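Here's what Swiss-Prot has on this protein:
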COILED    28-74  coiled coil
TOPO_DOM  22-91  topological domain 'Periplasmic'
TRANSMEM  4-21  transmembrane segment
Amino acid sequence: MRWPLIVLAVLVIVLQYPLWLGKGGWLRVWDVDRQLQAQRETNQRLEQRNAGLEAEVRDLKSGNEAVEERARFELGLTKPDEIFVHTPRKP
């Protein structure tokens, strides 16, 4: 009576191993799902950044105001007879 129980327990363990720890097991599926969620969050962040950059490029292509603003703030350039006063923000 003892041998069939031992054989059955070993058989259950042998059949459960691939399900939990095998190549397509639950642990691997859980890990891939976690990686997928992290990648989706990264993609969403990058899409928002790209949208902002696209808007900035459109603004730079369409008008001179954005170019003038960049020239003032980044390069410190001014128009003739213009005084530019820049007050830095507190960090």
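Each Cβ is built from the backbone N, Cα and C atoms, and glycine gets one as well.
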Contacting positions for the transmembrane segment (4-21) when only residues 6+ beyond its ends and CB under 8 Å are counted:
27
Just give the helix, strand and coil counts over the topological domain 'Periplasmic' (22-91), going by DSSP.
49 helix, 0 strand, 21 coil
